[in-house]
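Database features, via TrEMBL:
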| type | residues | note |
| --- | --- | --- |
| DNA_BIND | A:30-49 | DNA-binding region |
| DOMAIN | A:7-67 | domain 'HTH tetR-type' |
| REGION | A:163-196 | region 'Disordered' |
Protein chains: 2
Amino acid sequence: MSPRKSDATRRRLLDAATTDFAAHGIAGARVDRIAAAAGVNKAQLYAYFGDKLGLFGAVFRLHADAVVDAVPFTADDLPRYAVRLYEAAIERPELVRLATWAKLEGVVTDNLVTESSAVTVKLQAIAEAQRGGRVTASIDPQDVLALVLAMALTWSAAGLSATAAPDDPPKAHTRRKQALAQAVSGAFRGDQSLNG
Amino acid sequence: MSPRKSDATRRRLLDAATTDFAAHGIAGARVDRIAAAAGVNKAQLYAYFGDKLGLFGAVFRLHADAVVDAVPFTADDLPRYAVRLYEAAIERPELVRLATWAKLEGVVTDNLVTESSAVTVKLQAIAEAQRGGRVTASIDPQDVLALVLAMALTWSAAGLSATAAPDDPPKAHTRRKQALAQAVSGAFRGDQSLNG
DNA sequence: ATTTTCTAACTAACTAGTTGGTTGGATTTT
DNA sequence: AAAATCCAACCAACTAGTTAGTTAGAAAAT
């Protein structure tokens, strides 16, 4: 039951694959490059993960779980959730890049962040916050979540605007986080009626 | 001075390239496939556009111009601008896909929608609306524009949520557009003080 | 001794980009 | 007007290198 050597090999492959898939996408990633970076023979890669897409799937699941575990959802405080997401997307941009590529390359049918079981919980929490008047009830929970996500990832690798980097001046981060919090706060405010 | 035959060839190449680049990205696109789809010999493609990246650049510029021409910017009515963008992104999703891929594949240094000269005009219009109290002054014009863009493209090919399609039920489009307009309206409202 | 983990070498198909030459219509020459 | 010349547009076939995926067997662990 000691940690088998193959587990370390697997791990090294996943790390190298994360880097390569995040940098180049599925079509652009190179199996040889991944194997070389991991210091693992290519045949091992195929033994563990079946094929290139299987490897991508493993990488994707790994990081999706990490983000869900790391960023707690607070339906009663959406601005805070948005800011947490902003920070996570900057510190570890891999998942956003992987997800964006997966979507563009069509390896998922429709939505991918929105289809996991963790999303159901979030939607229910939003609905509850709406009943309590803490989030506007005139926007569907699905759209609330989608918009918060989009706003939080405005400056991420998925966004079309300038991408934020960890080494940006602290003032820039603060400015964006305040803008984000204020915008999210105003967008879903529950105690007033607005017409579009 | 009659329209030269080569113009039609060029056009067919650009059309085919748009489809292929939008569908598969730069690395995923295939020069042979594009030439075949256009009914044009591959050597012509290289004669006209230099190389694969040159072709991508031509395709990208073509669609970027089309969108800037088609979607007028109204700083005094950001919700309306957002809804117009939502509609444009659904009717012709090519540009969003092309831009997203360009950003992911790193063919642009930092920002790409944000670096054109058309953006300067928009930023100035936002600043003016802020001075008039029609847009909140506590968010930098750059961030206002970035957030509006991100919100409008929430359900586009670039977003991580479910992608909207032209043949979605009209009710779904209406629901999303209302949600978008309300959220944008609340996010940048100028006549009240909100703390993040 | 036997199962598991690893590896070098291989293949068949595919890739972006090039070459050398052909076509058909317009311009110039006779 | 007929023949010679010109030229942009066109194309089949090729090159040189890369690609995902496989195989048969060595090394190591149990």
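Cβ from N, Cα, C; glycine included.
As a whole-number mean, the pLDDT of the DNA-binding region (A:30-49) in this prediction is 92. Per DSSP, the secondary structure of the DNA-binding region (A:30-49) breaks down as 16 helix, 0 strand, 4 coil. Across the region 'Disordered' (A:163-196), DSSP assigns 18 helix, 0 strand, 16 coil.
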